[in-house]
Amino acid sequence: VVGGKPAKLGAWPWMVALGFHNYRQPKKSPEWKCGGSLRISRHVLTAAHCAIHRSLYVVRIADLNLKRDDDGAHPIQMGIESKLIHPDYVYSEHHDDIAILKLEKDVSFSEYIRPICLPIEESLRNNNFIGYNPFVAGWGRLRYKGPLSDALMEVQVPVVRNKVCKRAYSDVSDTVICAGYPKGRKDSCQGDSGGPLMIPQESTYYEIGVVSYGHECALPKYPGVYTRVTSYLDSFILPALKK
């Protein structure tokens, strides 16, 4: 996350870090290189471009600082039983960048760990979210080509009309949602991929996007691009959660 601030303990109890093997140093602890969000009991929603790697093998749920044990968080680390990648996703392209991980076992919810809601209600399902200022959170880079963050960071970015977003990225379609400021400065970045774009409604958070791609990070006129969750509810997400 670029231009954000450290998240407070318990702010995002559905945040998941995705851990990858480093094959060159197999004894090393996981490399936390993507994000995701907890769904009911044992599934994680993330980006296909994260899930597709064979080196992905573990998740850590509801951590705050990935390197410290004294941050007050009570994270759970768990293996992955199976991965469901959107059938139309192609690694060299950006479309249909969505996947669901099924965990080895059910996650017990607590004050620290709970799932984020899907935008299933009509008022959300048919919303393009223009005028909203959603949050994005992750352990990704603090600037383009900069270091990954050990601390969970958060930032708010305004939703941009797809027409405007198309000026930056020609392949933008209705199945994505773009967010960022005209002057840049605040954005998700590499390592935040798969994490949630979130809006509060009353006191409940809903996930409206999944971090997908962007040109570098936080550049003027180049918003971040997110997979639009409402576009995939019936065709992919809800059926995948039954598996």
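Just so you know, glycine gets a Cβ as well, placed from its N, Cα and C.
As annotated by Swiss-Prot, active site, charge relay system applies to HIS49, ASP97, SER193. Look at Swiss-Prot and you will find CYS34-CYS50, CYS165-CYS178, CYS189-CYS217 tagged as disulfide bond, backed by sequence analysis. If you look up Swiss-Prot, you'll see 1-243 marked as domain 'Peptidase S1'.
For the recorded positions ASP97, CYS178, CYS189, CYS217, a Cα-Cα cutoff of 10 angstroms around CYS50 (disulfide bond) retains ASP97. Within 10 Å of the C-beta atom of HIS49 (active site, charge relay system) sit 21 other C-beta atoms, taking all shown protein chains into account.
Here is what falls inside 10 Å of the CA of ASP97 (active site, charge relay system) among the recorded positions CYS34, HIS49, CYS165, CYS189, CYS217: HIS49. According to DSSP, HIS49 (active site, charge relay system) is assigned to a helical segment. Counting only same-chain residues six or more apart in sequence, the Cβ atoms lying under 8 angstroms from the Cβ of CYS178 (disulfide bond) belong to VAL159, VAL160, ARG161, ASN162, VAL164, CYS165, ALA168, TYR169, VAL172, PRO223, GLY224, VAL225, TYR226. Across the structure, SER193 (active site, charge relay system) and CYS34 (disulfide bond) place their CA atoms 5 angstrom apart. Cα separation, CYS34 (disulfide bond) to CYS217 (disulfide bond), rounded: 15 Å. CYS189 (disulfide bond) sits 14 Å from HIS49 (active site, charge relay system), counting Cα to Cα. If you take every residue in the domain 'Peptidase S1' (1-243) and average the pLDDT, you get 97. Reported as a whole number, the C-alpha separation between CYS217 (disulfide bond) and HIS49 (active site, charge relay system) equals 17 Å. When other Cβ atoms within 10 Å of the Cβ of CYS34 (disulfide bond) are tallied across all protein chains shown, the result is 28.
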